[in-house]
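Participant: Straight out of Swiss-Prot:
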type     : residues    : note
DISULFID : CYS31-CYS84 : disulfide bond
DISULFID : CYS41-CYS66 : disulfide bond
DISULFID : CYS49-CYS76 : disulfide bond
DISULFID : CYS64-CYS78 : disulfide bond
SIGNAL   : 1-23        : signal peptide
Amino acid sequence: MRFASLFVVYCTFMFLDISHVKCEVEPVPYCKVITWYDVKCGADGNKTCVDHLIKGHIYDVPVCDCSELTTSGILCTCQHRFPCKEPPPLHRISIRKQIRG
């Protein structure tokens with residue numbers, strides 16, 4: 001009986017000790033991506049930007065903000081969760097060419 005009582009007391013203290021431990025959890029950083037496309041935002045600009053990014057197999061599921069440019073095209077400012085991935089080199093070159101000329 002004595003060992004059973006000690007075991008119950010031990011388990012109770014272990015439960016209290018474990019339940020009061022505070023963990024420091026670091027927030028997962030967002031990755032910011034800004035891309036330009038020669039289309040219109042339309043009724044749902046967020047969906048337009050997400051569709052273009054997924055179509056190019058660049059990012060998994062970004063959250064985007066679509067801004068119409070005064071000249072032509074749209075500017076998609078997107079954020080998605082870790083891990084941050086750079087666009088493929090060919091995509092960056094095509095974006096730069098579109099912006100410059």
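Using N, Cα and C of the backbone, Cβ positions are placed for all residues, glycine too.
Each of the listed features needs to be described in terms of its position in the shown structure.
Facilitator: For CYS31 (disulfide bond), the Cβ neighbour count at a 10 Å cut-off comes to 16, with all displayed protein chains included.
Under the DSSP three-state reduction, CYS66 (disulfide bond) is assigned to strand. Within 10 Å of the C-beta atom of CYS66 (disulfide bond) sit 22 other C-beta atoms, taking all shown protein chains into account.
Counting every protein chain shown, the Cβ of CYS64 (disulfide bond) has 24 other Cβ atoms within 10 Å.
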Participant: Using DSSP and collapsing to three states, where does CYS41 (disulfide bond) fall: helix, strand or coil?
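Facilitator: Coil, per DSSP.
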Participant: Please classify the secondary structure at CYS78 (disulfide bond) using three-state DSSP.
Facilitator: strand
